[in-house]
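K.L.:
Mind looking over this structure? Questions follow.
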């Protein structure tokens, strides 16, 4: 059964670094305004409740102008305080510099806050004048609350920065783990080629020693075609099954030259399965194992069947032979098969399996199941 031209190889894409989405200035301003609106509403509510309980009419004008400016001013002071906190934080400067910078920053912020309240009182027509005594009164009156407010802004800034660095560190670690996993997969795949090539060249040498140079030349040609096909997908961790079948067909053509008419191959491949992504060279070690124990080890003819079916969200690949099978429990323990197991585990974890079992009537069955994915 001939297969159509192989589909292009598909490498597992490396996850792009996740960059935090830009936070528009308008959204940041709304967040700051919402943050400071909470204590403003609480303070205004406290005044109205106190006046109501005292049996007095609520003086809304005075209540608004003695409470809201406090928190509006803090909304305006938040950006410069955040700027200072982001540039002077523990771990980036000596402790004395951090403490000193924020003592100065807090004093400056509280001074601006006091001046803003003086201006608000005058704008509202409340008793106030531009004297040192008035400034000192506003400064001292709100000192405890303002120190706490400054400390909360600084602490929140440091907490957000620490959380951002932790997320970035996790992202870098995840990217490093992905790179290491990809390097491991490539190393495992590279191990398959030397192992296969050694076996193929050994078979060519044996053919020459048997006095069949023409057959050896044909085998070398088939080997060249096979290696060329495999190098076309170089670097691909996963390929469409159609490409894997193309490589397998070339490999079986090489084996057919070696074992002659003793090898018959049947294909049971669903059309839907051809587009499924599978690990590159996942079937070749299974077929090589089947040929080694089911065909080449004896003189009787044998049939090798390659299967590929899609079952719900799974792909089931199988290689079956009706030969005598291995003896001594050696089936499924070779270098290529151990490598295949390791690659399946690295790619899919517990979501993929490689199993071997005796075939009823003689021979063996090797099966791979893995998640059904397409390019």
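Backbone N, Cα and C define each Cβ position, glycine as well.
Sharing the features that TrEMBL gives for it:
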- 325-335: compositional bias 'Gly residues' (COMPBIAS)
- 282-374: domain 'Histidine kinase' (DOMAIN)
- 318-337: region 'Disordered' (REGION)
- 28-48: transmembrane segment (TRANSMEM)
- 68-86: transmembrane segment (TRANSMEM)
- 98-123: transmembrane segment (TRANSMEM)
- 143-163: transmembrane segment (TRANSMEM)
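Please go over these features one by one and say how buried each is and what sits next to it.
P.N.:
Remark: secondary structure over the domain 'Histidine kinase' (282-374) totals 28 helix, 32 strand, 33 coil, with classes taken from DSSP.
Long-range Cβ contacts of the transmembrane segment (68-86) within its own chain (Cβ-Cβ under 8 Å, at least 6 residues beyond either end) map to 32-33, 35-37, 39-40, 43-44, 101-102, 105, 109, 112-113, 116-117, 120, 142, 145-146, 149-150, 153-154, 157-158, 161.
Within the chain, the transmembrane segment (98-123) has long-range Cβ neighbours (under 8 A, six or more residues past its boundaries) at 65-66, 69-70, 73-74, 76-77, 80-81, 84-85, 88-90, 129-130, 134-135, 138-139, 142-143, 146-147, 150-151, 154.
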